[in-house]
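**Q** Provided herewith is a single structure, encoded as structure tokens, for subsequent inquiry.
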Amino acid sequence: MDTAADQDDSAKEQKGRRARSARFRAWRGRRPPPRAEWGAITAGWLAMQLEDETRHRSGFHLIAIGLMVGVVIVYGIGWRPGLAVAAIASIALLALAVRVPGRPVLRPSLVCAGFVLAGAALAMTEIERTDTTLFSGEATVRIAGTVVSRERTDSGRYRYVIDIASTERPVLSRPPERVRIVVGSRHAPISPGGDFRGLVRLRPPSGPAFPGSHDFAFAPFFNGIGAYGFSLGAPEPPVPDILGTASRNGFGAWFRNRLSTVRLAMTERISQIIGGAEGGIAAALVTGERTGIPDEAEEWLRGTGLAHVLSISGLHMAIVAGFAMLLVRSMFALVPAVALRFPIKKIAAVAALIVAAFYLALSGANIATQRAFIMLAIMLTAVLLDRPALTLRNVSIAAIVVIALTPHAVMTASFQMSFAATVALIGGYAALSRRRTRSSAVPPGSRAWGRRILLAFAAIAMTSLIAGTATAPYAAYHFHRLSTFGLVANVLTMPLFTLWIMPLALIGSLAMPFGVDAWAFQAMGYGIGVVLEIARFVYERLPDQAIGLTTATGLALLTAAILAGSYFASRLRYVAVPLALAGLAAAPDRVPPPELLIFEDGKEVALIAEDGQLAFLRGRANDFIAAQWERAFEARGRPSTNRKPRRRIGADCDEALCRFETRDGLKVVWTDDYEKTGIACDGGDIAIVARAIRLSACRSGAVLVTLRTLRRTGSLAIRRDALSGRPIVDQAIADPPAEWNRHRLAPWPEYWRKPAAKISATAPRREEEAGSADSE
């Protein structure tokens, strides 16, 4: 039997339908307005939508969007308006926006432009305050310094980050302040804060693998890493306080060293209890140390869209803090005297914040984890203030804080993917909640347990679908691959990860000081083993994932679609549909691939054949660089992580000289003997000399590529001009170079000037570049 309220609602609904029907009949009887009136009608409609956005206070999001655009203009496009000019113009535009109230179009435009310039000013300020000295060449040198951190790889080697105090034999004129060294020799592990002395081989961070790809010098520049290298033998035994660190370092350094020691002890403890790939993943989830994860297991997770579980980010923070908050609140709720007198929800929020801060410190506090902690802290602060926790406004506040602290994080894949996923999830679930509120007639309390479980799995599937769709453009742009069955893998594993693995990680960490942690970590390892089996099963049945290059224009349009569909509260959100369609149309890179790829070491050379397959000059090509090229230019075949022989160029090689042709007939001659430079120049259109010779051009007119030119230009992509038949050379390093590539302009090391020197640049290795590609 209907109640009076239900009858009243029904009457109002019928009245509304009659009114809409009457308006439709009146509109149908009218003739279309003249073409001149369409402009006024459109302007009026736009003004109504903007007024609706003003009522919803959507303009606040323009601050975060404007700051991000400004940072991208500086770091991505390379436009540098000058710090003072950008700051003054930003203040002027924002002041002008305050003086023009009631302008629904002009005022948001001024606000957005003002914060774009503010973002550019923040980026240029960050560049000016970053004083990292990037090493300018390669050198074998004795170093003495202090260990900042230590990691152990899955192969048993140790990787140290060292603050250099002195160099000798030779004394470097531009020594890097901080280096990352891999030690393969057997030695007593050096704890953070200890002294490191030994003979090492140093090299600068490498540049992009090909023009337009990720620059591996970008992250080290902002992280303070000036060189990579490896130790030639075991480090020398430490001498007590040989560098005077005890008197020089204060409490801050002592605390960081102690915290690093605790992280190492926990990592080794977890790996020892669980063992295998499961132990490496468990340690990564607790302490952030990912070096113990085998490449095969990491590829399974990456290929199935589960790689996000390895990086401590918002998901991990939310699970750990949420479990802590639930545990504390439940404990207080068991005591009625406390539950009725004190705000236990706010007390639990404070406890969750403390646990999250401990997790941040324990996990190494990288930029991705810092960003997640900032977001979580804002949400928990909202709980303390009796405000909604999960809102788009809080996401924008977190983005503003991150950009103010580390503007370069905007350029990293982790920031872009996590920001897009969070915005899409909150916006998507808000829309679904509004629709469910209007259409659902079943009270939540009356649903059976079976229906609740089904809805829980449906929510996981919807979360994976929304997050996967939002992050797909960035995965395609940065990594040139898509996880086709990521939805299946996430639906099968995320309940286990959320309800079993992460809670046990928190329980085991809290129980570790008392020595009763083994059972928790062993149970955690069983759960991780199931996740790995699911990932392997799905990975082995995946179709081809390599999609090739995508354009920045397509990424920008798809980003605009995500922001419009999530942030707009009025009907302006439907503009996301044409933006997304335009982005999908513009995303594929339709420019023909280059014919020849040359890495900056002069040794890694590859041809791209007519069928799109790559052929390498060396049979044992560098796996890291080869995988980068394959994902970008080889549309067929999944990139492989094992070091199997790849397709080779059918070159005519004899006595350190190789001759071959590209698919369009360019003749290429490669040599690593400087005495054969003349033969290389006379015998081809392109002469590659893998030596640091002084000669800069061929008298025959051929393009000459040497280690000197590659040091300045970075990797090269070469194609044949259809009109002139001459080679067109695209270089990876712009002219003039950005600040993180200025070391390439430094004077050439003396020992590299000798033509016959057995010196060559070293291509990046997976273990040395692990924190460089996307350390944020």
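Every residue, even glycine, has its Cβ placed from backbone N, Cα and C.
Please treat TrEMBL annotations as automatic predictions, because they have not gone through curation.
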**Q** Under TrEMBL, the annotation region 'Disordered' belongs to which of these stretches: 1-26, 131-156?
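**A** Within the set 1-26, 131-156, TrEMBL attaches region 'Disordered' to 1-26.
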**Q** Are the transmembrane segment (545-569) and the transmembrane segment (347-362) close enough to be called in contact, which here means at least 3 C-beta pairs under 8 A that are separated by 6 or more residues?
**A** no
**Q** If you count Cβ pairs under 8 Å, which stretch among 83-98, 315-340, 415-432 touches the transmembrane segment (392-409) the most?
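**A** Highest pair count goes to 415-432.
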**Q** Give the nonlocal contacts of the transmembrane segment (315-340) in its own chain as ranges (CB under 8 Å, at least six residues past its ends).
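**A** Result: 285, 308-309, 347-349, 351-353, 355-356, 359-360, 369, 372-373, 375-376, 380, 498, 502-503, 505-506.
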**Q** If we skip the immediate neighbours and take only residues 6+ beyond the ends of the transmembrane segment (519-539), which ones have a Cβ under 8 Å from one of its Cβ atoms?
**A** 270, 273-275, 277-279, 281-282, 297, 299-301, 303-304, 306, 309, 485, 488-489, 492-493, 496-497, 500-501, 504-505, 507-508, 511
**Q** Under 8 Å between C-beta atoms and at least six residues away from its ends: which parts of the chain pack against the transmembrane segment (487-507)?
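**A** Contacts with the transmembrane segment (487-507): 282, 285-286, 304-306, 309, 316, 319-320, 323-324, 355, 456-457, 460-461, 463-465, 468, 520-521, 523-524, 527-528, 530-531, 534-535, 538.
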**Q** Report, as numbers and ranges, which residues of the same chain sit near the transmembrane segment (415-432): CB under 8 Å and 6 or more residues beyond its ends.
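**A** Beyond its ends, the transmembrane segment (415-432) has Cβ neighbours at 308, 313-314, 367-368, 371-372, 375, 390-392, 395, 399, 402, 409, 462-463, 466-467, 469-471, 473-475, 559, 562-563, 565-567, 776.
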